[in-house]
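Down below is the structure, laid out as structure tokens.
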């Protein structure tokens, strides 16, 4: 009996020791996890203050139609770059008109298209939204782009992108024809041309900076939900009856997206709306911009005239000039901004540019 009692006491002691050890171990893991979460929170809070490392190394790939280069096709040059690329790759494109559709996938960041000048180097195609794709279905707008970029840190310099589909008349269906679609983050464009009619430039998503570019079209020829600055660009309308420059797709007030046109020139034919509320909380600002006498009465359009977007959209102008400038303030819900309210849209901080745009490029 005594031996049984001793055995039971021993088993109880061992069980108690295991119980206490288990709970101590659980407490330790909980403490480590809590500390880890705290550290993660601090890392998240300081994420935007960390120095960007960028790509490692640089490589140049050449393209020429005459065969005196590594590739004859821009797409072939893109395809030669490995997935998950971590080098800065410049694709140097010789003068010529490259008739092809080009896609830069999300797995290939840090690519630059460098042309010999926007008047002599161009990539062009002719798809429309109503055209049929390989699956027998209509392409729809976003798939018509002559060039589509999904990758981050894309750059284009001194090159043009064109959709050669003919311009539609107002009200014609299925004639959307995109020249360029940018869906990647932190993209930079300098000295580029974008040529089309309806929906020329699909500024789809991400932060983008366009400097000294020429953008031509007729209806909503800059559209999407990007967070983009257009600095010292020419926005040229080829509208035959009426047209519109920008249609922004911001859908909720928490989004930081918007189009900021700073120091631009608006030229061409009209009458022309300077902005349309594609999204319920569309956001478009013009500052220090010249307007030809082509702005439509009212200046702005709320898209469908039944969603009360005029109450939620943010359309603003600051220090604009030219014979058409007064018309940009033609509706009560277009805001005449003062410097304080305009400043967030006229500095490159609007696109967090200090972290990824070189000072010489700003």
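Every residue gets a Cβ built from N, Cα and C, even glycine.
Annotation source Swiss-Prot lists signal peptide at 1-26. Taken from Swiss-Prot, the feature N-linked glycosylation site covers 37, 86, 158, 308, and the record attributes it to sequence analysis. The substrate binding site annotation in Swiss-Prot covers 141, 176, 276. Under the heading site 'Transition state stabilizer', Swiss-Prot lists 198, citing similarity to another entry as support. If you look up Swiss-Prot, you'll see 199 marked as active site, proton donor. Residues or ranges marked as active site, nucleophile in Swiss-Prot (evidence: sequence analysis): 220.
Swiss-Prot feature annotations superimposed on the structure.
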{"residue": "86", "record": "N-linked glycosylation site", "DSSP class": "coil"}
{"residue": "141", "record": "substrate binding site", "DSSP class": "helix"}
{"residue": "158", "record": "N-linked glycosylation site", "DSSP class": "coil"}
{"residue": "176", "record": "substrate binding site", "DSSP class": "coil"}
{"residue": "198", "record": "site 'Transition state stabilizer'", "DSSP class": "strand"}
{"residue": "220", "record": "active site, nucleophile", "DSSP class": "coil"}
{"residue": "276", "record": "substrate binding site", "DSSP class": "strand"}
{"residue": "308", "record": "N-linked glycosylation site", "DSSP class": "coil"}
Residue 198 (site 'Transition state stabilizer') as reference: those recorded positions from 158, 176, 276, 308 with C-alpha within 10 Å of it: 176
Cβ-based neighbourhood (8 Å from the centroid) of the substrate site, residues 141, 176, 276 excluded: 198, 199, 219, 220, 223, 247, 278
When distances run from the Cα of residue 276 (substrate binding site) to each of the recorded positions 86, 158, 220, 308, the nearest one: 220
Span of 141, 176, 276 around substrate - largest C-alpha separation, Å: 17
Pairwise Cα distance for residue 220 (active site, nucleophile)/residue 308 (N-linked glycosylation site) [Å, integer]: 20
86, 158, 199 screened against residue 141 (substrate binding site), Cα within 10 Å - retained recorded positions: 199
Inter-residue C-alpha distance, residue 158 (N-linked glycosylation site) and the residue listed as 'active site, proton donor' (nearest angstrom): 21
Spatial separation of residue 199 (active site, proton donor) from residue 176 (substrate binding site) - C-alpha basis, Å: 6
Those recorded positions listed as 86, 158, 198, and which of them has the most Cβ atoms within 10 Å of its own Cβ: 198
Cβ packing number for residue 199 (active site, proton donor), 10 Å threshold: 28
Chain-internal residues near residue 308 (N-linked glycosylation site), provided their CB is under 8 angstroms and they sit 6+ positions away: 302
Euclidean distance between Cα atoms of the residue listed as 'active site, proton donor' and residue 86 (N-linked glycosylation site), Å: 32
